[in-house]
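Copied over from Swiss-Prot, here are the features:
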- Gly617, Pro618, Asn619, Met620, Gly621, Gly622, Lys623, Ser624: ATP binding site (BINDING)
Amino acid sequence: MADTIKHTPMMQQYLAVKADYPNQLLFYRMGDFYELFYEDAVKASELLEITLTARGKSGGNPIPMAGIPHHSAEGYLAKLVKLGQSVAICEQIGDPSISKGPVERKVVRVITPGTLVEDALLEDKSENLLAAIFQQADEYGLATLDVASGRFEATLLPDSTQLSAEVERLKPAEIILPDDPLFKQNLPESIQNRPGLVDYPSWHFEKDSCRKRLIDHFGTQDLVAFGCDQLPAVISAAGVILHYAQSMLQNTLAHVFSLQTYQADDALALDAMSRRNLELDTNLTGGKNHTLFAILDNATTAMGSRLMNRWLNQPLRNRDIINDRFNAIEDIIEQHSQEEFRSALKPIGDLERILSRVSLYSARPRDILHLGRSLNQLPELQALLKQQTANKWQQLSKQLGLYPELASQLETALVESPPMLMRDGGVFAEGYDSELDELRNLKNQAGDYLLALEAREKERTGITTLKVGYNRVHGYYIEVSKLQSDNVPADYVRRQTLKAQERYITPELKEFEDKVLSANEKALAREKWLYQQLLERLNQDLQALQRTAAALAETDVLVSLARQAINLNLTRPTLSSEPGIDIKQGRHLTVEALSNQPFIPNDTCFDEQRRLQIITGPNMGGKSTFMRQTALIAIMAYMGSFVPAESATLGPIDRIFTRIGASDDLTSGRSTFMVEMTETANILHHASPESLILMDEVGRGTSTFDGLALAWAIAEQMAQSIQGYCLFATHYFELTTLVEQFNNTVNIHLSAIEHQDKIVFMHQVEEGPASQSYGLQVAALAGVPTAVIDKAKKHLHRLENQTAAQQQTSGTASSAKESVQQFDLFAQPALPEAIETMLTDLKALSVDDLTPRQALEKLYEVTNTVKNASE
């Protein structure tokens with residue numbers, strides 16, 4: 001920007017502040033507006049669709065300017081944050097009445113996508129995470145902080161693949177990275193292409209300074225208790241995230257009182273593509289409808305919904321924790337107490353986020369009202385918890401806590417319907433503070449005084465139309481008509497002239513005005529002081545209240561899962577230490593919810609003889625639905641939910657992989673087939689015998705022979721080397737012969753019936769390969785013109801006749817079943833007879849007994865034989 005010497009004092013102040021926040025939009029408070037100047041104004045006018053104007057000239061040039069009213073700033077901020085922008089809020093902190101020159105201003109808050117705490121800027125059912133990544137050797141430290149709840153976590157990841165998967169699970173709104181271009185280039189593309197990346201000075205990641213920052217914040221001697229004392233990459237990531245959040249919020253973040261270091265392999269792993277394919281909480285079009293989360297989430301509170309989402313996206317492998325959840329759900333169902341719990345949970349507010357704002361001293365009066373109502377519900381919830389018998393309920397009962405004194409204070413402190421903001425006053429109830437009551441009484445008695453004054457003045461002046469009134473601009477006044485203005489007493493001082501009236505003030509009315517206005521100011525100041533005291537009181541119990549909030553959220557999730565277990569006819573699964581998966585009459589909840597027809601349930605069975613299952617059958621027959629429902633049932637079981645099946649027993653599962661569907665990745669310049677092969681390569685490199693693997697139509701993105709060759713080799717790798725639980729759907733019928741090669745492979749198919757040239761999908765999984773693909777019938781259902789279908793039938797008939805003739809010639813058509821199969825791609829072609837004879841002669845040849853001339857003659861003979869055979 002231009003040299004500040006050329007600018008007015010106010011613009012010099014603006015430019016000095018802006019220099020410290022070059023990457024943020026600067027909201028610069030001027031009276032009742034936030035103003036933006038220069039490039040910020042141009043950018044904001046485009047993003048917010050507000051008017052771009054100019055504020056005179058400074059330095060000889062017009063200054064672009066745009067502004068928004070401060071009272072409606074939150075709506076504009078929400079829009080900017082959704083667009084990935086960061087905003088620095090610069091407030092007036094000086095008193096304009098005593099300022100010489102520009103009023104003193106200061107940036108009090110920087111709003112970034114990952115540091116939101118304001119209720120209007122957050123989504124109720126989604127976490128809003130700030131993340132930081134740091135690399136040490138080949139390992140990555142990843143830390144996340146939910147500023148709005150205080151949850152602080154970190155983990156060490158062994159490679160970039162697991163880093164990518166974990167970032168996809170967490171979906172952070174903002175990621176802090178060292179400002180080293182090489183570091184960013186070495187990150188997975190999935191992270192490089194994410195919005196919200198922040199380049200932060202690399203020196204902030206220095207391990208020793210980060211360690212000290214964390215130790216100082218938590219008030220400990222080391223980081224042993226947090227499980228990361230010997231993890232330098234984790235320490236750097238966690239230290240940076242704390243520094244960044246404190247800087248943006250201009251706060252110490254006292255509500256962040258712990259750091260949890262976790263192992264990524266404690267949870268059932270899903271890569272980014274698997275999460276998308278299975279539509280856990282986001283559908284394939286990016287929406288939230290028709291997902292598993294939308295089906296399962298019946299939570300009463302917002303924090304319960306967020307915890308439900310976390311459980312769904314992070315299914316645990318610890319069977320003890322999961323069985324505790326099963327027991328709690330079963331207990332509440334048996335005692336029929338889910339509706340009582342829901343009724344008791346209804347008044348509970350979003351305590352996690354309210355308490356964070358309490359800690360930051362940004363809580364609004366209605367936050368405190370909801371907190372008070374929530375505390376009043378705790379005795380009822382405590383009684384319900386104690387009626388349950390499962391261990392989990394007893395643990396939650398102890399964690400819940402009761403706060404009778406605090407609840408009573410909050411109940412008596414606030415009016416029944418407080419204003420949105422503390423600045424408006426009128427927050428505290430009558431009787432809470434005697435000094436405030438006295439100041440308010442003075443204002444409340446003003447009406448009686450003014451009526452008495454009006455009556456006295458009418459009598460004194462003889463002006464019967466005289467009125468006493470008040471407005472915010474001119475204060476109290478005595479109003480008479482212009483016709484009567486000549487009759488006013490000498491002590492009447494003109495205050496305002498209107499078209500038909502004159503307004504006056506008297507010494508008595510002025511004295512009263514000063515007293516009332518002073519009382520109003522003092523009352524508002526008293527309320528602000530009382531509010532500050534109330535927040536300080538709440539902060540004394542902050543950690544205990546946060547534990548209470550966590551207990552309420554978990555209670556809500558378990559009650560919700562119990563309710564949905566009844567509503568959706570779910571069954572308690574069994575988690576076994578023995579390998580295998582046995583699901584009886586499993587269902588796909590989302591498809592079932594959307595369908596007007598009864599859902600056809602199916603069994604899934606994996607054991608040592610059924611590790612690889614080749615699935616054939618027509619398109620639209622239900623192969624993908626069957627595969628997805630198997631994975632979704634596994635995820636539900638490992639998150640601690642009952643499952644849609646008559647029964648389900650699941651052995652250990654470490655990962656779920658899906659290779660279902662694909663499209664071009666235009667941003668990275670990758671074709672559909674390249675995307676498919678990249679996903680397949682990831683599976684082949686990382687799958688284990690405990691992995692559940694779904695592979696749909698592998699190889700279809702290239703030529704028939706290339707695709708078949710790849711599909712065959714990949715299926716062989718699954719059966720022979722990986723030996724995971726693999727559902728392998730294909731239209732390559734040749735793969736059904738793998739059952740003859742491997743004793744852990746079986747064929748299954750989705751049945752269909754053809755009737756009068758039409759196909760009826762049975763959606764039933766049956767043993768053995770499909771008899772045909774029904775491709776033409778599906779095409780007809782899709783509306784392909786009849787003329788095209790008729791031509792296709794002729795071509796199909798011709799191709800089948802050619803295949804049958806070739807098989808009869810080669811002697812391979814030993815049965816009617818074999819005659820309709822395609823050729824074995826991997827059969828060795830027959831050699832010409834002359835070559836076979838030559839090879840036999842060469843095998844019998846004793847090279848050591850040949851003279852040089854005989855050897856040369858033999859070489860000529862071999863050469864001629866090969867040439868003749870190839871012609």
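Each position is counted from 1, following the chain as shown.
The backbone N, Cα and C atoms fix where each Cβ goes, and this holds for glycine too.
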* State the count of C-beta atoms found within 10 angstroms of the C-beta of Gly621 (ATP binding site), not counting that atom itself. => 26
* Check the binding-site residues Gly617, Pro618 for other C-beta atoms within 10 angstroms of each C-beta and report the one with the most. => Gly617
* Asked: Within 8 Å of the Cβ centre of Gly617, Pro618, Asn619, Met620, Gly621, Gly622, Lys623, Ser624, which other residues of the chain have their Cβ, at the recorded ATP site?
  -> Leu750, Ala752, Phe761
* Asked: Taking each of the binding-site residues Asn619, Ser624 in turn and counting other Cβ atoms within 10 Å of its Cβ, which one has the fewest?
  -> Asn619
* To do: Could you say whether, by DSSP, Asn619 (ATP binding site) belongs to a helix, a strand or a coil region?
  => coil
